[in-house]
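For reference, Swiss-Prot has these:
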type	residues	note
ACT_SITE	D315	active site, proton acceptor
BINDING	K22, G94, R122, Q171, R346, R389, K414	phosphoenolpyruvate binding site
BINDING	K22, S23, R27, S169, S170, Q171, S197, D315, K342	3-phosphoshikimate binding site
Amino acid sequence: MEFIDLAPSAHARGAVQLPGSKSISNRTLLLAALAQGETQIRDLLKSDDTDRMLEALTSLGVTLTRTGENDYHLVGTGGSFPHKEADLFLGNAGTAFRPLTAALAFSGGTYKLHGVPRMHERPIGDLVDALRQVGADITYLGQEGFPPLLIKPAHIAAQGSIKIRGDVSSQFLTALLMALPMTGKETHIELVSELISKPYIEITLRLMAQFGVEVQRDGWERFTVPAASGYVSPGTVYVEGDASSASYFLAAGALGGGPVRVQGVGAKSIQGDVAFADALEAIGVTITKGDNWIEASAPQLPLKAFNRDFNHIPDAAMTLAVVALFCDGPSRLTNIASWRVKETDRIAAMATELRKLGAIVEEGEDWLQVTPVPTLNAQVPIDTYDDHRMAMCFSLATFGGVPVRINDPQCTAKTFPTYFDVFSQVVS
């Protein structure tokens, strides 16, 4: 197994230009593909997840051209993919798999969607159930409720109301919202359970509006996609920096004194994960913001222990689980059940690896409590479970004054292929 050995860190200072947001990148690619007109996409994230979406769109007959290092030109299909038969390998990219499932269910073709073994363990049944309510023909090729899937042509009767759960993954609602304009019918979506990760739905709604579709919502329980609401290209779309990726560098600024500035997200960001900066501020970190940047510094450690609900920022919350090693008492992360159905079971994985470092960790179905210890265990090999965020989070353990070995560091290619190079430039 490949690994990277990280030296102990004492200081962090500098500025980081963030890679593009994964959530915005893959949503924008699909919307541009479904739209009328041609779209220039600037600052797209270069990663495994976006590569899988680009490959899928190409297989579906979308004309796309790379025009710069992170820039693309897409010719929209007007809501109908040219190729009516395709076999799509989507890796472990939930931001590609879920939205494409919905879009292809309305596309009148025969499509097989599959991925890596972990993708076949990630639930999709709630989305499939919702799509079947309007007539979609979707078959499970393995275990009921999970990928891989076979989609066949079907008569879609989208008028009326679709019921869907919101407490497993917000990507199911995102997928429905993005695909329903393809039907041309007014459709209502009703949530039958609490919606998690609401900020990710905000991203979806804002991007849909940018492409000309205004979804009406009644609180977070009911959404209406208007009739005759096809997508129209806005011309050029700029992708924000990834706010989840910002969390590691803001935390480094907190643990290493700082200041560390992230560029590409700021006070005007549409991403909910910028709230990570507020969570840091609440435990004693000095945060300053501009329209397109955030900066973190801290005069001294330890930081304040916390007990906080992270339902709205589950990805960035992982970073705080490692930051908890440097707090002045037990810290508790709650309402994080969605961690269990991500790239790995993140509650179990985080608990296992924090214990290796010496922390006292308790876990429940939807919570994690971390009690720090005076001295971390040195030269601990951290397993990453093919999960990019596990690898990036545990780089912060080096601020405990110990070397840390990260196994399979290349898993960061999912969202941030150059992460460890950039991290090494701001820490010392």
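Each Cβ is built from the backbone N, Cα and C atoms, and glycine gets one as well.
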Within 10 Å of the Cβ of Q171 (phosphoenolpyruvate binding site), how many other Cβ atoms are there?
24
DSSP state at R122 (phosphoenolpyruvate binding site), helix/strand/coil:
coil
Grab the phosphoenolpyruvate binding residues from the record (K22, G94, R122, Q171, R346, R389, K414) and give me their largest CA-CA distance in Å.
19
Same chain only, sequence gap of 6 or more: which residues have a CB within under 8 Å of the CB of R389 (phosphoenolpyruvate binding site)?
S244, D315, M318, K342, E343, R346
Which of the binding-site residues R27, S170, S197 has its Cα closest in space to the Cα of K414 (phosphoenolpyruvate binding site)?
R27
Could you tell me the C-alpha distance between S197 (3-phosphoshikimate binding site) and Q171 (phosphoenolpyruvate binding site) in angstrom, no decimals?
9
How far is it from G94 (phosphoenolpyruvate binding site) to S170 (3-phosphoshikimate binding site), counting Cα to Cα, in Å?
11
Just to verify a number: CA distance, K22 (phosphoenolpyruvate binding site) to S170 (3-phosphoshikimate binding site), in angstrom, no decimals.
15
